[in-house]
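Below: one structure, written as structure tokens.
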Amino acid sequence: MILFDYMQKYDYEQLVLCQDKNSGLKAIIAIHDTTLGPALGGTRMWTYDSEEEAIVDALRLARGMTYKNAAAGLDLGGGKTVIIGDPKKDKSEEMFRAFGRFIQGLNGRYITAEDVGTTVEDMDLIHRETLYVTGISPAFGSSGNPSPVTAYGVYRGMKAAAKEAFGDDSLKGKIVAVQGVGNVAYHLCKHLHEEGAKLIVTDINQENMNRAIHDFGAEAVNPDKIYEVDCDIFAPCALGAIINDETIGLLKCKVVAGAANNQLKEERHGDILDQKGIVYAPDYVINSGGVINVADELLGYNRERAMKKVEGIYDKILKVFEIAKRDGIPSCKAADRMAEERIESVRRSRSMFLHDQRSLLNSR
Ligand SMILES: NC(=O)c1ccc[n+]([C@@H]2O[C@H](COP(=O)([O-])OP(=O)(O)OC[C@H]3O[C@@H](n4cnc5c(N)ncnc54)[C@H](O)[C@@H]3O)[C@@H](O)[C@H]2O)c1
Ligand SMILES: CC(C)C[C@H](N)C(=O)O
């Protein structure tokens, strides 16, 4: 892989490799775009097959955060970290503290939070070394685990997508097929169950699946069968790239709306969903509740204010559909347009001269 070519292609600002022999830390911080503000994005801990795979993941996820934060209306750019390692075996206090010091060294250009494989406890360790971390414990007056809030945002966005597909946003009696019932989807299922939706779930983790069956009377299917079940709404809440050439022809749903990042394997799969008449709620818009919540910490966390913004995901999703209709494009492209237009307009408005510390006027 030719790194600078790839970075130029998608206009990345910075890629940082962090190594600490003492703790075994191997982290990659990718900063995509800071036009709107400091890059905020979570830290993923995962056992990658190769260093290249880890770097590509960090870069891809960082760019996704630029779009997510822009679409969410936050004054934040996009970045992400991946730590190479097994979250079940390789974590230690010294590893997260070393990582915290690397973040501090970036002097606020990057702010972290939770992602797959990291927890509130890990963020608290990072916090011992840097202020540039969010999603830390409520004991510090912070927002804690973002997953329940992400779930609420997905629920709101799913209702908006239902309105678009069925003319009514009620989920009562709707059959929702949920792929992966982990941290986010458990709470999503709770909202859906309370509204009277019928749940079909799958997970490779039997314990998580049993919890959904027991708590919400969900029906269970094998992981490879979830795409083809008869349902109104398919909610991908596990992995990325699950809308692909193999799965897209199997879908019987009218709506795809779920928490997973990077659901479309390639952009063209968004076009195909559109051609098939399936309403797609773009992943980074519908799952932005977590980042909206942690970002509120930067203002001095206020749960009520954060939840109000998360509720607004309903209108954001409707706005995406409106742009899609206005411009005759699929919803995934409409979401990109909405995010890109915001970044560009802020870039333009910031071109006005402001006297800062490095201004020539300082020598007067
Ligand atoms: N946690 C958040 O606040 C947040 C915010 C935005 C986006 N997301 C995204 O949402 C998704 C879920 O996040 P989470 O925090 O709930 O993660 P999680 O690890 O708690 O849950 C994922 C679940 O999916 C299951 N799973 C994995 N592979 C599967 C497969 N092949 N088939 C069926 N199930 C499978 C896992 O066993 C697990 O139960 C991820 O893609 C994440 O990036 C999460
Ligand atoms: C900042 C985090 C809460 C972000 C979350 N992991 C996401 O992908 O949106």
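Every residue, even glycine, has its Cβ placed from backbone N, Cα and C.
According to TrEMBL, the features are:
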type: ACT_SITE; residues: LYS80; note: active site, proton donor/acceptor
type: BINDING; residues: GLY180, VAL181, GLY182, ASN183, VAL184, ALA185; note: NAD(+) binding site
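The structure, with features from TrEMBL marked on it.
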residue: LYS80; record: active site, proton donor/acceptor; contacts (Cβ under 8 Å, 6+ apart): ILE29, ALA30, GLY41, GLY42, THR43, ARG44, ALA58, LEU61, ALA62, GLY64, MET65, ASP115
residue: GLY180; record: NAD(+) binding site; contacts (Cβ under 8 Å, 6+ apart): THR202, ASP203, ASN208, PRO236, CYS237, ALA238, LEU239, ALA260
residue: VAL181; record: NAD(+) binding site; contacts (Cβ under 8 Å, 6+ apart): CYS189, VAL201, THR202, ASP203, ASN208, MET209, ARG211, ALA212, ALA218, CYS237
residue: GLY182; record: NAD(+) binding site; contacts (Cβ under 8 Å, 6+ apart): ASP203, ASN205, ASN208, CYS237, ALA238
residue: ASN183; record: NAD(+) binding site; contacts (Cβ under 8 Å, 6+ apart): ASN145, SER147
residue: VAL184; record: NAD(+) binding site; contacts (Cβ under 8 Å, 6+ apart): SER147, THR150, ALA151, VAL154, CYS237, ALA259, ASN287, GLY290
residue: ALA185; record: NAD(+) binding site; contacts (Cβ under 8 Å, 6+ apart): ALA151, VAL178, VAL201, ALA212, ALA235, CYS237, ALA238, GLY258, ALA259
Using the Cβ center of GLY180, VAL181, GLY182, ASN183, VAL184, ALA185 as the NAD(+) site position, which other residues in that chain lie within 8 Å, going by their Cβ?
SER147, VAL178, TYR186, LEU188, ASP203, ASN208, CYS237, ALA238, ALA259
According to DSSP, which kind of secondary structure is ALA185 (NAD(+) binding site) found in, if we only use helix, strand and coil?
helix
